[in-house]
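Asker: Feature annotation from TrEMBL assigns domain 'Cytochrome c assembly protein' to B:89-295. Marked as domain 'Cytochrome c-type biogenesis protein CcmF C-terminal' by TrEMBL: B:315-642. TrEMBL lists B:49-73, B:96-114, B:121-142, B:177-197, B:209-229, B:249-265, B:311-331, B:393-413, B:425-443, B:449-470, B:490-513, B:620-639 (among others) with the feature transmembrane segment.
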Amino acid sequence: MRYLIPVLILAGLVVLFAAGLKNDPREVPSPLIGKPAPAFNLKLLGEEGSYSNADLKGRPVLVNFFASWCEGCQVEHPVLLKLAKESNVEIIGMDYKDEPADATQWLARHGSPYRKVILDHEGTAGLDWGVYGVPETFVLNAEGVIVYKQIGPMTEAAWREKIAPLMAGAAK
Amino acid sequence: MIPELGHFALVLALGVALIQVFVPAYGVWKRDPRALAVATSAAQTQALLVFFAFGCLTWSFVYSDFSVAYVAANSNLELPMVYRVTAVWGAHEGSLLLWVAILGGWTLAVSIFNRRLPADITATALAVLGTVSVGFLLFMLLTSNPFDRLFPVPLDGKDLNPLLQDPGMVIHPPMLYMGYVGFSVAFAFAIAALVSGRLDSAWARWTRPWTTTAWLFMTLGITLGSWWAYHVLGWGGWWFWDPVENASFMPWLVGTALIHSLAVTEKRGLLKSWTVLLAILAFGLSLLGTFLVRSGVIVSVHAFASDPARGVFILGFLTIILGASFLLYAWRAPKLASEGEMTLFSREGLLLINNVFLVVASASVLLGTLYPLLVDALALGKISVGPPYFNAVFLPLFAPLVLMVGVAATVPWKRAKLSEIVRHLRMPLIIAIAAAIVVPLYIHGHAPVAVIAGGFLGFWAIVTAAQEIWRRMRAKTTLSAGLLGVPRGVWGMSLAHFGLGVWALGVTFVSSYSVEKDVRLSPGQSIDLSGYEFRFDGVEPHVGPNYDSDYGTVTIEHHGEVVATVHPEKRLYRATQQMMTEAAVDHTPLRDIYVALGEPLSEDASHTGDWALRLYYKPMMRLVWLGGAFMVLGGLLAATDRRYRLTRAAEANFAKNSAVV
């Protein structure tokens, strides 16, 4: 019987992977698209006060989930810096499951593209927003409705081809 | 025309691979020697066809044939020649072709060096390798053909991902693939052993050098990958617990376990079914790594070309190969009786414990890598597992392993006396403890407990490895006779363990004593970090072959003398408009100085203004990779031990067993 253990473990893994493929985050659009941003009310990094989903309304914004421990965030960071500088788009950082001190140091080191950085220390907002893994970036229109979700690092191409047109539309 | 020839060669290779699977299988079933003999010629033909296809794709890159979609997506007229050649494996389709070509190379090697083996074992092993090849060729031809044409033909290509335009990337993937694919040989022999029911010490002796060779390439690949990440990702880290790194680390851990359990199986005839299981697992994890990287089920920066249709194919293939292997294992392994008794306090006992630790370590990496997927599948939400999990889990598993490394080499086979072991290890223990306290105090003036503990582990592995060599040498009269008298296998083992110690020292010092500083400097200004004076000499515009860069100059002085002038860069690749940070590193064996260029801080962003710079002082950073290099060298010596070449006894043994069957 114990010689059957490997094949049983394999069967379990295969079921898991099959489910994982079906749940593929790149294929299935976020169920939140077209819906208002999930509610949250969290503290800010490096300043007093808190920030809630209501504060996201009134103009199109990018909400970028990142963390100092995340390698993909390192990759997309120059792109975000460039966007913040050149396109004048408002990027809100959501510091996901991270220590404030680490995030402060990380941002000091790499520069900050963010107008505000929200502390999602417990990852609760990430859970509500359906964050699969950092980095992820949500595009919100002026009504605070999610219109697009970028999974994985932000790229110049994604910005040019997908997000910039949406932002232009969202500003109206 | 050339791309069509390449495509055609792949189709032919698929046909030949099918022959390589079915004709020898028929031969084994019917005991037909003519059918068995087909295995060798089919394997060699298939390998040559795949090499030819690989050559065709390389030709298309060298001559910038942008009518090939893959070339257009990954090359550019401005791309330097060396990167045009390496761009062949710069993305999904080409790296699959590299995978298959390397499998062809290993298959070819098995078909050439198989003379001493009974024909049915060789034929079964080659048929298994052929099955793997069929799967990957089908995968390539059905979902990811590198020779697909593109129309209209673009005037210029999109360029290779700038992250991959680095010398480390030139050799890292082929070495890693040599390792991944190399485990297929041990796997094929494990299946052959299960099919034939013959698994003896001759089998283990035959499998050992193949496994060690695959392992040494994998070690080299991982070490180079770590070095590449350190240079290119630009933030001073050398291991990130990224899913793709984990995908290579898991088979490495199991492969390491396999090397050790093969030793037990060869020397003592024990752990037979366990060894076979490890051989299947090591290759299974290699396939799993391919699946994780290629399917996009797990988000990773490395997963550059992910496509669920491809994921389904690899998952199906993985299920068939591993499912069949594990079922065969469940059916046949119970008959592989061990030949002797096993006591825990003996070399084989300690090696078994070593195996348990390595496999548990591998399982915990697997769990951490798959946990987000599991949580997602169970609809519990979406989560990521970061380095905190891996560091917390890994340290307690690794520390006892390093401790055992020192003990196991001293403990004899079969049965050990505690008093004798204590007498042997008294001196190394004292030396290691003393060195762990004195060395950090001498270099840095203070020694936290973590450094003493880590340093002890490192010195312990180093001293006990050296003692093993010395113990064997001192029996001889002269130094040269002593050095030559030590068998290569022992040199290999000791060097690899020595490398483990060196690596542990490097990790300990780097993680405890690294200093980093983010500074704003105007040209001409200096700043001090750990006794080194950094003078920023400004930034100049620089035009590279396919990028424009800001080319910084920083002069580093120590005690008033210039030790280095380094040039950190920020490159903007023209075709992709991607920014890349090229950190500059000045290194000696005892320390690295790492300078990365940040952002221009002046409003006008001119080259004369202030810049943000990131400076690191990293003591003993080189030791991390030097440790890897020692392990590779150890693997090389162990794999070429002459007793693997002079195996008359093994031949006789095999012949005898074959006669019985």
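Even glycines carry a Cβ here, placed using N, Cα and C.
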Asker: Under 8 angstroms for C-beta pairs, at least 3 of them, ignoring pairs fewer than 6 apart in sequence. Is the transmembrane segment (B:620-639) in contact with the transmembrane segment (B:209-229) by that rule?
Answerer: yes
Asker: For the transmembrane segment (B:311-331) and the transmembrane segment (B:490-513), decide whether they are in contact, meaning at least 3 CB pairs lie under 8 A, counting pairs 6 or more apart in sequence.
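Answerer: Between the transmembrane segment (B:490-513) and the transmembrane segment (B:311-331), which are separate recorded stretches, there is no contact, as judged by 3 or more close Cβ pairs.
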Asker: Thinking of Cβ pairs under 8 Å, which stretch from B:177-197, B:393-413, B:490-513 has the most of them with the transmembrane segment (B:249-265)?
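Answerer: Against the transmembrane segment (B:249-265), the leading stretch is B:177-197.
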Asker: Over the domain 'Cytochrome c-type biogenesis protein CcmF C-terminal' (B:315-642), what is the model's average pLDDT?
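Answerer: Summing pLDDT over the domain 'Cytochrome c-type biogenesis protein CcmF C-terminal' (B:315-642) and dividing by its length gives 85.
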Asker: Please give the sequence-distant neighbours of the transmembrane segment (B:490-513): residues at least 6 beyond its ends with Cβ less than 8 Å from one of its Cβ atoms.
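Answerer: For the transmembrane segment (B:490-513), the sequence-distant neighbours (Cβ-Cβ under 8 Å, at least 6 residues beyond its ends) are 212, 238, 402, 405-406, 409, 440, 444, 448, 450-451, 454-455, 457-466, 468-469, 472, 618-639, 641.
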